[in-house]
Amino acid sequence: MYQVVVAGAESPNVGPVGGVPSKQKKLGREGRHLMGAGVLGLLLVIAAVAAWCYYTASLRKADQLKTELLDLRRDGFTIRNQTGAVVFRMAFRSGALDLDSCTNTRVMLNCERSNVGPLNFFIQVVRPRDTVMCYRVRWEELVAGQPVEHAMSYNGSHWYGGAESASQHWPILLAGQQEPEPFVTSDINSNRQQFGGILERYWLSSNAVAIKINDSVPFHLGWDDIAQTMRFQARYQDTLYKPLPGQEPLAELSYRVCVGSDVTSIHKYMVRRYFNKPNKVPCEDVFRHPIWSTWALHKTSVDQEKVLTYAANIQKYNFNWSHLELDDRYTSKYGEFEFDPVKFPNATAMFQKLKASGFRVSLWTHPFVNYDSANFGVGVKRGFFVREPTGKLPALVSWWNGIGGILDFTNPETRDWYASQLRALKSKYDVASFKFDAGETSYLPWKFSSLVPLHDPSTFTRRYTEMAIPFNDRAELRVGYQSQNISCFFRLIDRDSVWGYELGLKSLIPTVLTISILGYQFILPDMIGGSVHPNHTYSNGQLPDRELYIRWLELSAFMPAMQFSIPPWEYDDKVVQIAQKFTALHETLVAPRVLELAGEVVDTGDPIIRPLWWIATHDATAYKIDSQFLIGNDLMVAPVLEPGKQERDIYLPAGRWQSYKGEYFDKGPMYLTDYPVDLDEIAYFVWTQ
Ligand SMILES: *[C@@H]1O[C@H](CO)[C@@H](O)[C@H](O)[C@H]1NC(C)=O
Ligand SMILES: *[C@@H]1O[C@H](CO)[C@@H](O)[C@H](O)[C@H]1NC(C)=O
Ligand SMILES: *[C@@H]1O[C@H](CO)[C@@H](O)[C@H](O)[C@H]1NC(C)=O
Ligand SMILES: *[C@@H]1O[C@H](CO)[C@@H](O)[C@H](O)[C@H]1NC(C)=O
Ligand SMILES: *[C@@H]1O[C@H](CO)[C@@H](O)[C@H](O)[C@H]1NC(C)=O
Ligand SMILES: *[C@@H]1O[C@H](CO)[C@@H](O)[C@H](O)[C@H]1NC(C)=O
Ligand SMILES: *[C@@H]1O[C@H](CO)[C@@H](O)[C@H](O)[C@H]1NC(C)=O
């Protein structure tokens, strides 16, 4: 229940009235003039006086509905920062408040009616610090079937956060008009218009405002690039969200808006206050040396010989490795946990050979059990799968490798069974860890039931990520929802082997920055050169374009971890040399910094990979830079991301910077235009005293 707050000290008849003199004078003059004109005039005077009283009363009301730096109107509210600039605007789209039903105690605004009917509405003001002001907003409908929608203006500032997406931009770029859709995790490699596998209900603006939507909200996100609004909607109709058992489908939209003095400090405040944090740093080896995956190179035709040859070549070309990743597919059927005896005639021997050469191996895994696998019957009999809505029958789902059941990770027995299968593989072959693939809600049936009912389907994603905890030293996940405290590597969804913003090379920095802002810091940028999917590869032959591959490799060397699949020796000696140069640079220059920052993540949750504005909080240019980033506060990286270019423009925020070539720059902020960067180079700058 909500606190019912009686109107404060001001009685309805007193209280400040301001800004009315002109109207008052006019009425007064009219009144004097009409006074001598008899009864009609008297009536007019009475009407005028009544109008004046009403007018002043509503002004008083409007004044009452200011609370700290927030102004409430019937159709929305605005928030100012401490110097009085309007930094946040929200419009009510599903109804307008009846301001006469509102009361105000300065820390709590409370209204009980809208033009659509009764409701509970409140805004509570909290000032947790001198420089931070927070507003808890809640609009609760009392009529079932009534959605709630508030529209946040995004004009006038830059926004960050929300979700991984297929076309990723930094800051967020919203195009067209989108009706509110469930804000739940999806595989954006297959469904490119959806929200991605890593998402949080959190946005941050360059005006030093942050908004966090409450977990309990059946939350839908839409937008409108004409009105320049993001539409935040709560509803239970035509959606994946369900009221909890025994509760009525009454939509409630609640969120916190916090305003600070600059974008970095408000973000730090929000992270410390509202985000989970990892409790340990994953395996240091993975930060130092590349992972080598079989996927982009061999796809599902991988076999024992190919794995051994791949490992032998890694050694032959003098590369280091953290581990070798045996990807899809090594089992006979999807849903089994044993090696396919045809493709892997002696898996034990393979693991022994790899171990003797110093290779640890991780295995690919996923939440599906296909109908043709031996475990399908086991799952049906023991109730391991997500079911159709009545809960009687397992639901069949279609995924990129066929049709089957999807394991219900809300069921402790399912979790135990799955974990025991993974442990068995681990002990039988001395497997190092697992690559946990999928986990998005887009692989659940549109209507389903799970053992523990899910109000928010993305909770399924969270339950799946928890499966990785026992294997977390080297485990990698590609999904996350409130999963920042799963101390694993989080991988970007499979990239296409293209240059652009749609899952291509240019999307890497925006995506890494976005998920960093969402609190995921142990980031794997996925495979160098992309996954080489048919029709999504820029190339003249089988391999990604050579120049694209080299630029991708250079950028990856400055990410928290590197992951190869297409090996450099598939090109030529020059590419091998460049790859050796950059894996060595990663090890000596990048990994030590990243590891130091990774240690801090456990305490602070702050990004390892940071946007330029992190150190240039009032620099309007820094808000828009999407092709440069910082590692910590003092190493700034500016890769070449354009085909055919051996130079680029580089923005240096204020400070004294030393380039990788040794030049000093201290007249900043400044642009270095057409700064030369050869094909085997990446530009980076160190902040110096
Ligand atoms: C943003 O939109 C609001 C409401 O439409 C408008 O009043 C304001 O002037 C706009 N601000 C900018 C900077 O465009
Ligand atoms: C947010 O949700 C929690 C429960 O998930 C609830 O206790 C809290 O009051 C909610 N906050 C608001 C502002 O509604
Ligand atoms: C308030 O916002 C304006 C406009 O974004 C900005 O220039 C000013 O520095 C901000 N003041 C504070 C105290 O954050
Ligand atoms: C597999 O290889 C091991 C040696 O690594 C050997 O002892 C075993 O007999 C082989 N198994 C089969 C079925 O060939
Ligand atoms: C992560 O945080 C959530 C609270 O949001 C808690 O319930 C969960 O147990 C934590 N998990 C780990 C692994 O720390
Ligand atoms: C690739 O494109 C060709 C021609 O447009 C089409 O026939 C083929 O089905 C596509 N392949 C895939 C995997 O989408
Ligand atoms: C491999 O690791 C060694 C030892 O740390 C290092 O000296 C060498 O440069 C690395 N080689 C490559 C190609 O990264």
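Every residue gets a Cβ built from N, Cα and C, even glycine.
Caution: TrEMBL annotation is automatic and unverified by curators.
Taken verbatim from TrEMBL:
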- 301-444: domain 'Glycoside hydrolase family 31 TIM barrel' (DOMAIN)
- 505-589: domain 'Glycoside hydrolase family 31 TIM barrel' (DOMAIN)
- 605-686: domain 'Glycosyl hydrolase family 31 C-terminal' (DOMAIN)
- 34-57: transmembrane segment (TRANSMEM)
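Secondary structure of the domain 'Glycoside hydrolase family 31 TIM barrel' (505-589) per DSSP (helix as H, G, I; strand as E, B; remaining residues coil): 44 helix, 5 strand, 36 coil. Averaged across the domain 'Glycosyl hydrolase family 31 C-terminal' (605-686), pLDDT for the predicted model comes to 97.
As a summary of secondary structure, the domain 'Glycosyl hydrolase family 31 C-terminal' (605-686) carries 6 helix, 31 strand, 45 coil according to DSSP.
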